[in-house]
Each structure stands twice: as structure tokens, then as C-alpha cells.
């Protein structure tokens with residue numbers, strides 16, 4: 001799930017950054033246990049042990065990234081309102097037929113603008129949400145578009161196996177074809193979705209089985225074959241009990257929801273298993289209930305930010321304290337046998353003033369100002385992180401039972417995290433430390449200037465590489481020529497024009513299988529692939545998960561404290577890429 005940093009600045013310009021990725025990239029097989037004697041890890045789609053700049057989006061000014069704690073697909077939005085979609089295309093959740101395109105590679109994301117869906121050319125996408133197998137996109141007109149699994153109406157259309165391309169949802173916010181109350185954000189569980197409007201109203205659609213629609217009923221009844229069935233609301237309905245509240249944030253777990261109003265009160269509803277609602281009991285809540293912990297006269301103790309995990313809920317209060325409820329690990333305090341029945345502070349990070357957080361399949365991430373240097377410190381923890389989704393670094397444990405500073409991100413100005421089922425994404429503002437990070441995937445980089453085609457190494461001529469494509473240029477071959485290597489990021493004219501363009505041709509079906517990348521030259525250090533590791537399975541909701549849980553051996557849970565500050569992956573670049581030159 002995605003959570004933006006708390007932004008209390010007065011900036012009017014959209015905050016943007018570069019997309020970083022760590023964890024699994026083998027979208028087709030993530031979370032699916034290999035059979036004995038089965039195929040080894042796909043070397044073309046490795047697990048990334050630390051955060052890499054995603055090369056395909058290295059020149060994109062991204063304002064938000066969205067994924068699901070229970071899914072393996074991603075949506076990135078840029079400053080121009082373009083959506084970039086990639087990952088596992090389960091049930092056509094990326095808006096293209098899954099039978100034709102089962103996955104979309106992170107190397108070649110699908111590029112989509114609202115105009116491709118029939119809106120005016122100036123329309124932008126401003127928000128998105130991902131479920132396990134469905135996706136919602138919101139444009140700046142306040143309309144909501146949906147694609148993916150729709151067996152229970154979770155796409156806001158009459159139940160059918162799937163919605164294979166993005167289709168507009170008709171809801172109370174746009175009845176009669178005119179938007180009267182703009183949709184501004186959304187969140188998705190497995191079988192349901194929520195939409196928040198500009199006026200603070202919340203609407204839900206999908207399955208009512210656990211009360212996750214907040215309408216006061218499940219509609220349980222006996223169906224064919226003496227099986228229980230539940231209400232399906234494919235037309236968006238108003239969440240009851242919040243009529244006189246202005247809700248400013250919503251977040252969905254697999255089968256529960258959490259919301260925040262403009263006064264700092266926190267509301268929860270849906271399934272209460274593992275006490276994930278933080279109300280002290282595992283009962284399902286069919287209507288929103290205010291969490292007593294944050295219903296206080298002490299304003300500083302009220303909520304500032306909320307986020308729902310698979311079987312947990314988290315709140316950042318107005319002091320920046322991080323509160324957690326439910327099941328968020330597999331053993332010990334906070335596990336299924338000993339869940340946090342009420343919201344509790346984690347002692348390990350109680351001195352940190354958190355700016356943002358995100359809950360993945362088995363991971364938890366937070367970030368806060370570092371006491372050491374005042375920069376952003378990124379913290380993560382979680383058990384059974386089989387695909388390096390914590391991003392602690394190569395040679396370090398994949399999992400951590402307690403919060404750990406992610407030293408591979410030390411000095412990186414992270415302002416948003418989107419933790420997925422097996423992969424984690426970060427948005428970070430450009431700086432020198434960011435430029436030092438490895439790129440993924442590797443590309444074959446020439447030693448010869450692409451303009452003059454002359455090797456002038458003996459003359460000491462500087463060779464400057466583009467941050468994205470790594471095409472090399474002599475400084476005096478550029479137009480206009482440069483007298484010295486520029487500070488900060490540098491992109492060639494082609495990549496700059498590509499990133500600045502608001503004109504995107506209608507998308508065609510992307511290739512189902514990405515081409516194998518070229519082998520890197522000997523002159524460039526080649527990153528070592530992570531050791532082959534058996535893919536683990538996500539501890540998803542027991543009543544809905546299609547994947548079985550695996551027991552954690554706990555052998556790799558605790559990384560040594562303060563080990564490998566800022567350590568790069570094996571073979572990673574050691575010099576700043578923005579000042580890279582060849583002599």
C-alpha cells in the first residue's frame with residue numbers, strides 16, 4: 001500500500017522524484033513456491049537486494065507510486081498526469097488483456113493517459129489504487145476508472161469475471177454524466193474498493209462479506225448448494241456513520257478499512273480477525289467505529305496519517321508517533337498468536353517523528369528526519385521477506401523482526417514509499433547520493449562517443465553518459481558544448497524530450513515477454529545476481545489467499561546493527577553517475 005509523506009509546506013509546484021525499486025521483479029512467479037527440481041530463479045528478472053533506480057523511469061518526474069500489499073502490479077504517475085503500469089497482469093488489472101499479456105515488464109511500462117480513454121487531451125491522472133487483481137485510476141475531472149478482477153463488483157461495474165480495459169465508474173459523484181463532487185483518492189482491498197471525494201464523503205463497492213463496505217450489513221444468505229453468499233454492491237454506496245464527518249484519508253487492508261477525518265479522529269470497519277481494527281477484540285465491524293485511542297481531547301494524540309496492512313492497521317499521530325494494531329509478523333508479540341489487540345507504539349522507534357509509512361505483504365516501512373545529519377532516515381522491518389523487499393542490502397538478511405535503518409538508502413531523500421507483496425518502491429528527490437545508486441536493469445554501455453564515433457581516451461577527453469540510456473558523449477560534441485561535467489542529473493536530448501513530452505501515443509499491447517538484456521562489457525562492473533533463494537509465499541488473509549503460508553525459520557531475521565552503512569550491491573557503481581566521465 002502507498003502512503004505519501006506528511007507535507008506541511010506551502011509549495012504549489014508538484015513534488016516529484018525518481019522511482020526506486022528493490023525486491024522481486026519476476027512478476028509471473030512472485031509468491032509462487034517452486035516445485036522440487038523446478039526452474040531456478042529467472043536471471044533476467046532477479047531479486048534486487050537494495051534499492052535501484054528503475055532505469056525505464058529514470059527520466060520520469062514521478063509524483064506518486066501505487067501498489068498493493070496483496071498484489072504484484074504497480075502504477076506510477078508523473079507530473080503530466082501520465083500513468084505508467086507494469087507487473088503481473090492478473091485478470092487484466094493493467095487494462096490490457098491478460099490472455100495476450102500476462103505480465104508487463106518494468107523495463108517497458110505501459111504508458112497511459114486519460115485521453116486514451118476518451119477524455120479531453122488536457123485531462124490528467126492524479127491518483128491510483130491497486131488491489132490484488134484490480135486497479136483504479138482517478139483523473140483531475142474527478143472521474144474514476146477501473147480494470148481487473150470484477151467477480152464481486154470490486155471494479156464498480158456489474159459482476160463479471162473481469163473488466164479487461166479501463167472503464168469509467170458511475171457513482172454518486174458523477175450521476176447524470178456531470179461530476180458534482182470530485183473523486184480525489186481511492187484504496188483497494190481484495191474484494192472491495194473505496195473512493196474518497198473532495199467533500200470528504202466515502203463510497204464503497206464490491207463484497208460486503210466482512211462489513212468492509214461499512215453499510216451495516218453483510219447480506220449473508222443461503223445460495224445454491226446450501227452455500228453461504230453475501231451482498232455484492234457493484235454500484236458505489238455511501239459508507240454509513242461518516243455522514244457528518246469530513247474524511248481526508250482512506251486505506252484498505254485485505255478485508256478491512258481505516259479512515260481519518262479532518263479533526264484527527266480515526267475510524268475502522270470490516271473484518272476484525274487478529275484484532276486488526278485495534279478495538280481490543282476480533283469482531284467484525286459492519287459500521288465505522290471511532291478508535292478510542294485517538295478520540296482524545298489532547299490534539300497532539302490524534303491521528304495525522306493512517307494506513308492498512310494485510311492483517312494490521314497503523315496510525316501516525318500528530319506528534320509523529322507510529323502506532324500499530326493487529327498481526328504484523330509471524331512469531332512473538334505481534335504475531336497471529338499474540339496480535340496487538342489495541343494500537344501500540346513500537347518501542348524501537350518511539351523517539352522518531354515519522355513523516356510517512358507503508359505496509360506491504362510482510363513488510364513495514366517508515367521514514368523520519370535523521371538525528372545524525374537531519375536528512376531522511378528510512379526504516380523497515382518484517383518477517384518472511386523472501387525477495388529482499390526490505391532492501392537491507394546484498395549480503396545482509398532478507399528479514400528483520402525489529403525496525404532497522406535501511407543503510408542502503410542513507411542520504412537518499414525519500415518522500416514516499418509503496419510497499420507491495422514482494423517488491424518495494426520509493427520516490428526520492430534527486431541529489432548526489434541518489435545518483436550514486438545502481439540502475440536496474442543494466443545496459444551495454446559504449447566507450448565511444450555517439451556523435452564523433454572517435455575514441456579520444458589518449459587525449460584525455462571527458463565522456464559523459466546519459467543517466468537513463470548511458471549513451472556517451474564528449475563534452476565538446478554536445479550541442480551546445482559543455483565546458484565541464486555538469487552537477488546533478490544529466491540526460492541526453494532524446495531522454496529529456498521523452499520525459500518532458502505530454503503527448504503520448506495511444507498504447508499498444510506491450511510484449512508479453514521482455515527481451516533479454518545485453519551482457520555488460522568487461523569495462524563496466526557487473527552487479528552480482530542475488531544467490532538463488534526459494535521464493536517464499538506471502539502471509540495473506542487466510543480466508544481469501546490463494547497462496548499457502550510458509551513458516552519462517554528466523555535464521556536471517558536480525559541484521560547486525562550499523563552494518564554496511566550505505567553499502568552498494570556487489571559490483572555496483574562506486575562513483576557518482578551524474579559526474580561520470582571517461583578519460
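Each Cβ is built from the backbone N, Cα and C atoms, and glycine gets one as well.
Nobody curates TrEMBL annotations by hand; they come from automatic prediction.
Annotated repeat 'RCC1' per TrEMBL: 81-141, 200-263, 264-319, 376-430, in sequence order. Annotation comment: TrEMBL describes 446-498 as domain 'PHD-type'. Look at TrEMBL and you will find 497-583 tagged as region 'Disordered'. According to TrEMBL, the compositional bias 'Pro residues' annotation covers 504-514. Under the heading compositional bias 'Acidic residues', TrEMBL lists 541-558.
In terms of DSSP secondary structure, the repeat 'RCC1' (264-319) contains 9 helix, 24 strand, 23 coil. DSSP places the residues of the domain 'PHD-type' (446-498) in helix, strand and coil in these numbers: 12 helix, 6 strand, 35 coil.
The average pLDDT computed over the repeat 'RCC1' (376-430) stands at 97. Counting residues per DSSP class in helix, strand and coil order gives 3 helix, 27 strand, 25 coil for the repeat 'RCC1' (376-430). Taken through DSSP, the repeat 'RCC1' (81-141) splits into 7 helix, 23 strand, 31 coil. Secondary structure of the repeat 'RCC1' (200-263) per DSSP, as helix, strand and coil residue counts: 3 helix, 29 strand, 32 coil.
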